[in-house]
């Protein structure tokens, strides 16, 4: 035994958590960098280069009424139009020098930058592409390199680093109001993580399933040295693998199983709902009444009790019930929120935060639950495929939020209704609390089922309710020896 959570695992787990802070920057930076604050044209004859943002929207400015048309933004100014200077007059800040009938646009700077917009989109696509792989790989590597008693702990602590990234993003955006510098300040530190390549360990479980025994042995020896435990060899494991002839499994083998296909559909829908609701609430935090920076900070801080409840409920209630209850509570809060009387602003914000806390709890659980449902041979692919549906949910979340222009209550009802429905059907999945990670598709199929052994024959009985499972210690003796 190399140790379930020794010095080796603790050190590299912390190193894996650090870049996850940056994933919050990439995912949610657009809340501030793409925000459209109230703005108006710069009036050359009236404004000065030293004019402040607050002065620009001072309704008491004497030139506001005769140089800028009225609009629907804060301060009552049109955002992109200004009155033309009257023909035959000089540009001076006087009412009779402006033509109050004809207007002109002042967005020439934006059009000048338009040719670079495709490059901006392409770079953002590549950044998002890398961010997704970064968090998933770090999460799976963390879970696979620790003992089963520490899987829940590691799956939650890494989420706290994501919250830390949200907090730091809020502070950077508050003190740095230029969107270009916001992006630079939050992304430049990512360059340092390139040096992780030669030092990060590979998953021993994955190496064994790929039958890369020499590399696996080197990783095991490395872990033993760090943890100061007795060196162990893999000869016994290789002999058992040779006897059992572990299959080389892929997607086609998974698709042949109706059980795994139905589970995958359920999990993918859960990811879609959780991600859509999570990012929908996060990105719309600034739309709440009050200071947008404070609102985003409060919604981010609401994730801390959400992840904490996820940790506590996963250990006591199990993964399945944890997701179900959190989605039901968060969904109901989202549905009720829009119908609260307008004079009870505090209750609207409280329900918004409760909805965010509930879906955060589900988010903290679904990562671990998904990784425990899929076998080692397909775990990265399974989590990645499920997470892809989560990305689809995140993509459409702003579009769902824009439905408030049609009916103010519609976005929250869509978020909440889907969360409630997913919270109900998630109960059809098997419980994984206390179970060893499945290594093969056959192992995955036995989750939530009774395995009866008669001589050398194996028979899989009907599905069981695993809520009160003690971990199936009796079955562990029949599995290949584990390293942690």
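Cβ coordinates are placed from backbone N, Cα and C, and glycine is handled just like the others.
Tertiary proximity for the transmembrane segment (12-36) is limited to same-chain residues at least six positions away from its ends with a CB under 8 Å from its CB atoms, namely 127-128, 131, 134-135, 138-139, 141-142, 145-146, 154, 157-158, 161-166, 168-169, 173, 179, 182-183, 186-187, 189-190, 193, 196, 199-201, 279, 282-283, 285-286, 292, 296, 394. Annotation source TrEMBL lists transmembrane segment at 12-36 (among others).
Taken from TrEMBL, the feature transmembrane segment applies to 117-141 (among others). Remote same-chain residues near the transmembrane segment (117-141) are listed as 16-17, 19-20, 22-23, 26-27, 155, 158, 162, 187, 200-201, 203, 367, 371, 379-380, 383-384, 387, 391 (criterion: CB distance under 8 Å, separation of at least six residues from the stretch ends).
What TrEMBL records for 153-176 (among others) is transmembrane segment.
Taken from TrEMBL, the feature transmembrane segment applies to 182-200 (among others). With a cut-off of 8 Å between Cβ atoms, the residues of this chain six or more beyond the transmembrane segment (182-200) that come close are 12, 15-16, 18-19, 22, 25-26, 29, 32-33, 127, 141, 168-169, 172-173, 176.
With a cut-off of 8 Å between Cβ atoms, the residues of this chain six or more beyond the transmembrane segment (264-281) that come close are 27-28, 254, 299, 323, 327, 330-331, 334, 352, 355-356, 359-360, 362-363, 366, 369-370, 373, 382, 385-387, 389-394, 396-398, 400-401, 411, 415-416, 418-419, 421-422, 425-426, 428-429. According to TrEMBL, the feature transmembrane segment maps to 264-281 (among others).
Per TrEMBL, transmembrane segment is recorded for 293-311 (among others).
As annotated by TrEMBL, transmembrane segment applies to 323-340 (among others).
Cβ atoms under 8 Å from those of the transmembrane segment (346-369) belong to residues 139, 143, 151-152, 155-156, 159, 267, 270-271, 274-275, 277-278, 281-282, 285, 288-290, 295, 298-299, 302-303, 305-307, 309-311, 313-314, 319-320, 322-323, 326-331, 333-334, 336-337, 340, 383, 412, 415-416, 419, 423, 429, 432 of the same chain, restricted to positions at least 6 beyond its ends. Residues or ranges marked as transmembrane segment in TrEMBL: 346-369 (among others).
The transmembrane segment annotation in TrEMBL covers 376-396 (among others).
Cβ atoms under 8 Å from those of the transmembrane segment (408-429) belong to residues 262-263, 266-267, 269-270, 272-274, 276-277, 280-281, 284, 320-321, 323-328, 330-339, 355, 358-359, 362, 369, 373, 400-402, 448 of the same chain, restricted to positions at least 6 beyond its ends. According to TrEMBL, the feature transmembrane segment maps to 408-429 (among others).
If you look up TrEMBL, you'll see 461-484 marked as region 'Disordered'.
Marked as compositional bias 'Acidic residues' by TrEMBL: 463-484.
Here the transmembrane segment (293-311) has Cβ contacts under 8 Å with residues 31-32, 152-153, 156, 159-160, 162-163, 166-167, 170, 173-174, 281-282, 285-286, 322, 326, 349, 352-353, 356-365 of the same chain, all six or more residues outside its ends. Outside the transmembrane segment (153-176) by six or more residues, the chain places 13, 16-18, 20-25, 28-29, 31-33, 135, 138-139, 142-143, 146, 182, 185-186, 282, 293, 296-297, 300-301, 303-304, 307-308, 310-311, 314, 363-364, 367-368, 371 with a CB less than 8 A from a CB of the stretch.
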